[in-house]
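Asker: Annotation comment: TrEMBL describes 690-700 as compositional bias 'Polar residues'. Positions annotated as compositional bias 'Basic and acidic residues' by TrEMBL: 706-725, 737-748. Taken from TrEMBL, the feature domain 'CSC1/OSCA1-like N-terminal transmembrane' applies to 5-165. What TrEMBL records for 186-342 is domain 'CSC1/OSCA1-like cytosolic'. If you look up TrEMBL, you'll see 353-619 marked as domain 'CSC1/OSCA1-like 7TM region'. Taken from TrEMBL, the feature transmembrane segment covers 6-27, 97-116, 143-164, 355-379, 399-427, 447-466, 558-578, 599-620, 626-645.
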Amino acid sequence: MEISALLTSAGINISICIVLLSLYSILRKQPANYCVYFGRRLVCGGARRYDPFWYERFVPSPSWLVKAWETSEDELLAAAGLDAVVFLRMVIFSIRIFFIVAVICIAFVLPVNYYGQPMVHKEIHLESSEVFTIENLKEGSKWLWVHCLALYIITSAACLLLYFEYSTIAKMRLGHITGSASKPSQFTVLIRAIPWSPEQSYSDTLSKFFTNYYSSSYVSHQMVYHNGIIQRLLRDAERMCQTLKHVSPEINCKPSLRPCIFCGGPTATNSFHILSNEADSVKGMELGELTMTTTEQERSAAFVFFKTRYDALVVSEVLQSSNPMLWVTDLAPEPHDVYWKNLNIPYRQLWIRKIATLVGAVAFMFVFLIPVTFIQGLTQLVQLSHAFPFLRGILSKNFINQVITGYLPSVILILFFYAVPPLMMYFSALEGCISRSIRKKSACIKVLYFTIWNVFFVNILSGSVIRQLNVFSSVRDIPAQLARAVPTQAGFFMTYCFTSGWASLACEIMQPMALIWNLVAKVVTKNEDESYETLRFPYHTEIPRLLLFGLLGFTNSVIAPLILPFLLIYFFLAYLIYKNQILNVYITKYESGGQYWPIFHNTTIFSLILTQIIALGFFGLKLSTVASGFTIPLILLTLLFSEYCRQRFAPIFNKNPAQVLIDMDRADEISGKMEELHKKLHNVYSQIPLHSQKSSSKAECSNPFKKQELPDPEKLKPEEGDAIAKELWGFQGNESGQEHDAKSSAST
C-alpha cells in the first residue's frame with residue numbers, strides 16, 4: 001500500500017473526527033439533548049436544566065476536554081466505581097508504554113528500516129509502506145541488533161509498568177472489598193441444584209439441610225421463584241405508569257358516572273384515583289403479600305444468608321455433598337447484579353449450554369472468514385486484477401484506487417463487526433451466568449478472542465493466500481510465515497486504526513443512536529416525558545478494541561513502526577473521551593470489582609510473546625543468528641514474569657481473602673452493626689422490587705458533584721466566564737424534589 005493511500009484514509013478520518021467533535025461541543029449545550037449527553041448526572045444528581053440564551057451555545061468549545069482532564073481518580077472512583085477506574089488505567093498504561101515504544105522505534109528502528117537497502121527513494125507520499133518496514137533490510141544486516149535491543153527495552157518497560165499497575169489495582173480491589181462493609185452479598189451464598197423431594201418443598205429441604213450442618217451460622221434464606229409471570233406484571237405496570245404520566249389528571253382522573261350499556265345502571269368511567277401520598281400505595285402491604293409462596297413456583301435455587309462474611313466465604317468454597325452436581329454454592333452477586341432469568345436454569349444443563357455456545361461462537365468465527373477474505377481482496381487489487389482483468393479500469397484512477405485500497409476495507413470490516421458484541425452477549429447469557437457483570441465479562445472475553453482472530457490472524461492468513469504465500473506447513477514455520485505476512489498488512493492495520501480507532505471514538509462521544517432516538521421521540525412522536533434511558537459502559541466492546549490496538553502496536557513496533565504515532569493519538573483521545581462519557585453519560589448499576597484487569601494483563605503478555613515470536617522469525621529470515629539467540633531467552637523471561645504475576649496477584653481477583661473478611665466481621669460486632677445488617681438481608685434479594693428498595697437503589701448512585709453548591713444561574717453572566725456556568729451550562733438543583741426515573745438499558 002502506498003503512503004498516499006494511507007494519507008487519504010487519514011485525511012478522511014481526521015475530517016470526520018473534527019466535524020463530529022465540533023458538533024458534540026455544540027449539541028451538548030442544547031436544551032433538548034441533555035438526556036443524551038448528561039444522563040448519569042441527571043439520574044444521580046436529580047438535577048434539571050437552566051437554559052440561558054447564550055451565543056456560546058452555538059459555538060464549539062473545548063470546555064468538556066478541560067473538565068475531563070482535570071477530574072481526579074478519586075472523583076472518578078466515587079462517581080463510577082472501580083471498573084471505570086481500572087478501564088482508564090488500562091488506557092493510561094497504553095499511553096505510557098506506547099510513548100516509550102514510539103520514541104525508541106521512531107528514533108532508531110524506523111531510520112534503520114528506511115535506509116536498510118541502497119536505493120533511490122521517492123517522495124514520501126509516493127513511497128510504499130513496505131519501505132518503512134523491516135522487510136527493507138537486506139539479509140545478514142548488522143543493523144538487526146537495533147531491533148533486538150529495542151525489543152528488550154520494550155519488553156522490560158512493559159513488564160515493569162504491568163507489575164506496578166497490577167500491584168496498585170490489587171490494592172484497589174482490597175480497598176473495594178473493605179470499603180463495601182454494608183453490602184449484603186458478602187453475607188449471602190447462592191445455592192443451586194437443591195435436591196428434589198416429593199415429601200417437602202425446596203424451601204423445607206434447604207432449611208433442613210442448613211439447620212443440620214450450619215446451625216451456628218445459618219440465618220435464613222430466600223427462594224428463587226419462576227419469574228416469568230412476575231416480570232410480565234412488572235413490565236405491564238411500568239408501561240401503564242408511563243402511559244398515565246401523559247394523561248392530564250383534570251380530565252381523566254376525575255371519576256364520573258354514566259349509564260351502563262348492558263344494564264342501564266350508573267357505572268364509573270374511571271377506575272383509577274389519585275393517592276394523596278405515594279406511601280399510601282404500599283401502606284399495609286407486607287413483603288409476604290408481594291412474594292409468591294406456592295411450592296409449584298419454587299426453583300431449585302435460593303439465596304442463603306449467614307451471620308458473618310467468613311461463614312459465607314467458607315460455605316461458598318467447600319463441597320457440600322458427595323455429589324458435586326448437588327448443593328452447588330457460589331458467593332452471591334449484588335442484588336442489582338443478579339441475572340434472575342438464568343437462576344431458573346437447571347444446573348445440570350449448564351455444561352451442555354457452555355459446549356453449545358462454544359460451538360456457536362466457533363462456527364460464527366468461520367462464517368466471518370467470508371467478509372474478511374473479501375476485505376483483503378480490496379486491499380490487494382493489484383494481485384486480483386491479474387485474475388480479473390475488468391478491475392484494471394478501476395485501478396487506473398488514482399484517487400479511486402486510494403479510497404478503495406486505503407479506506408474502504410477497514411470501513412466494511414467495522415460495519416460487519418457491529419453484529420459481533422450483541423451476539424456474544426447473547427451467547428454469554430445462554431451459558432447461564434448468574435450475574436450481569438459475569439455475563440458482560442464473559443462477552444468481553446469472547447469478543448476479544450473473536451476480534452484478535454479475525455482482525456489480526458485471519459487478515460494475515462487471507463492476505464497470504466491472495467499473495468500466494470505458503471501457508472503454515474509445520475509448527476516450525478509459524479514464526480517465519482508470520483514474519484513474512486505481518487509487514488504486508490501494516491498498511492491495512494494503520495487504516496483500521498483510523499476508522500475503528502479515531503472515527504469510532506468520535507461516534508462514541510456523539511451517541512448517534514441515542515441522539516436520533518431522542519429526536520424521533522420529541523419531534524415525531526411528540527413525547528414530552530422527562531424519563532430517559534440510562535446506559536451502562538460497554539466494557540465488552542471497548543476493552544477488546546483497546547487490547548486489539550495494543551496487540552497491533554506491539555507486533556508492529558519493530559516490524560513497521562510507522563503505526564505508532566497514530567496509535568498514540570488514539571490512546572490520548574480515548575482517555576479524554578471515555579473519561580467524559582463515564583462522568584456524564586454512563587451510570588454504574590453493577591460492577592465486577594476490577595476483574596477486567598487480569599484480562600488486560602494476560603492479553604498484553606500474549607501480545608509481547610507474539611511480538612517476540614514474530615521478531616524471532618524475522619531474525620531467522622534475515623540470517624541473524626545472534627539476534628535470534630538473544631530473543632529466545634527474552635521469551636522465557638516474559639513467561640516467567642507472567643507466571644509470577646499469576647501466582648502473586650491473580651488470586652486476589654478470584655477469591656476474597658479470609659483475613660480481610662474476619663477483620664470486617666470483628667469490627668461490625670464491636671460497633672454493634674451486625675444485627676442491623678442481618679435484618680436487611682432477607683428483603684434485598686426479593687424478585688419483586690419494592691418502593692423502598694427502588695429509592696435506596698437511587699440513593700446508591702454516587703455523584704462527585706453532589707457536594708458542590710451551584711450558584712443561581714440568573715445571577716451569572718456569560719461575560720464573567722464562570723467555569724461552573726460554562727461547564728454545567730446552568731445545572732441547578734431541582735427545587736421541587738422530583739427525580740427523573742431511570743430506565744434500565746435493554747442491551748445490558
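Yeah, the Cβs are placed from backbone N, Cα and C, and that goes for glycine too.
Not measured: the values here are computed from a predicted model.
On this model, are these features tucked inside or out on the surface, and what's nearby?
Answerer: Away from its own ends, the transmembrane segment (97-116) comes close to residues 131-134, 136-138, 141, 143, 146-147, 150, 153-154, 157-158, 161, 550, 553-554, 557-558, 560-562, 564-565, 567-568, 571 of its chain (Cβ-Cβ under 8 Å, at least six residues beyond either end).
Sequence-distant neighbours of the transmembrane segment (143-164) (same chain, 6+ residues past either end, Cβ-Cβ under 8 Å): 93, 96-97, 100-101, 104-105, 108-109, 112, 116, 134, 137, 554, 557-558, 601, 604-605, 608, 611-612, 615, 618-619, 622, 624, 626-627, 630-631, 634, 637-638, 641, 645.
Here the transmembrane segment (599-620) has Cβ contacts under 8 Å with residues 90, 93, 134, 144, 147-148, 151, 154-155, 158-159, 162, 165-166, 441, 444-445, 448, 452, 478-484, 486, 543, 546-547, 550-551, 554-555, 557-559, 627-628, 631-632, 634-635, 638-639, 641-642, 645 of the same chain, all six or more residues outside its ends.
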Asker: The transmembrane segment (558-578): which same-chain residues, six or more beyond its ends, come within Cβ distance under 8 Å?
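Answerer: Residues packing against the transmembrane segment (558-578) from afar: 10, 17, 65, 68-69, 87-88, 91-92, 94-95, 98-99, 101-102, 105-106, 109-110, 113, 129, 132-134, 147, 150-151, 154, 483, 486-487, 490, 493-494, 497-498, 501-502, 505, 508-509, 542, 546, 549, 552, 611, 614-615, 618.
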